[in-house]
């Protein structure tokens, strides 16, 4: 239930610069850095997404606590992911079998993407924010079109394995990779119906982490409970290298440089590898006790949105300034008064630090799915769309609230004007494009990950590594953040 941020530059002293529990006694399943590298989002068994600044300041949660806005959910969240263009939108998936897209500026859920019939285990935007991919325990892979709200594709794992991890290429908009409990890895071109390349039963135990190299999507790294780390070249059906470890791996994250890997284990350690060097960790960090597994990892961005950290307000720390329009078409929303959106902030007991490269860790536990959804409430398939007309799914939900939506809408696919008879106007068309504020930063990137009890524990085989054993190279004088 604890999120931790580590600053490597503080070694050999205690590198943990912040430790906090979003909801004590509730496991954290997923953690992510925002685009300014100043805010951490986490989610898990507490049924909400929590936002904290890296200086220890608690910001707010979605759904907003204590409000009657129709956003309250009763599901464990297993995965979250920011959009690629900015930090205003974040998606989530879990035991409720629905992908939700949250507008963090308005503190509201603005879209519900349906189609899954079991617990959702992974969600992620493609590199252009055109599609959102989601996977589930039943082996389904669904691609959602964000402009129309339709399901662009519904795919199935060839072996019908429980899918547990996925990753989109940072370079190619249609390329993604999935893996699951039988150890098989599948590379998909989402314009087709079957995997482009498969590595069948590469792991002899469930796959627990997967990632494209950010700088080269021909390289894929995977880890599993079989204590193996593999790297694959997409041009070959055989792994290009593999590394054995003393404990089962439970999570994985690539740094933006495309070579540095952080891999969490089920005994609370994080091992760091340079794929250009020896096939052994250049350091191992004791992030948690040996009874806790590191369930999620995330590096900070190498090119964050630049804001003045010392003077910016919470919203600027999160959004980084003017927000670019999205192709996302929101569903009609219940109206909310401005007073219901006010949120108080508090300072946690954590310490702040000048983190440049960071990673996060948190506790999590997998949960079973809840009841099935009515087919009438599912996201429409694209074949159900009326050309130039309204979408069958875009109707006002039955509720006691007055329905209103004031979000700007732009669709590059079709100019859709959903109409509710009881309303004069649901959608406004916003003119003009806003400037993208993703500025380059010379600072190194950072990483975050959470601890978890969702994986079986292994016997400690080898002796403990020192908390830091960095090589004397300036490359590794960096800041890491763990949850």
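Placed from the backbone N, Cα and C atoms, the Cβ positions cover glycine too.
Caution: TrEMBL annotation is automatic and unverified by curators.
Annotated in TrEMBL:
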- 32-126: domain 'Anaphase-promoting complex subunit 4-like WD40' (DOMAIN)
- 176-189: repeat 'WD' (REPEAT)
- 242-276: repeat 'WD' (REPEAT)
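Taken through DSSP, the repeat 'WD' (242-276) splits into 0 helix, 21 strand, 14 coil. Per DSSP, the secondary structure of the repeat 'WD' (176-189) breaks down as 0 helix, 10 strand, 4 coil. Per-class residue totals from DSSP over the domain 'Anaphase-promoting complex subunit 4-like WD40' (32-126), listed helix then strand then coil: 0 helix, 48 strand, 47 coil.
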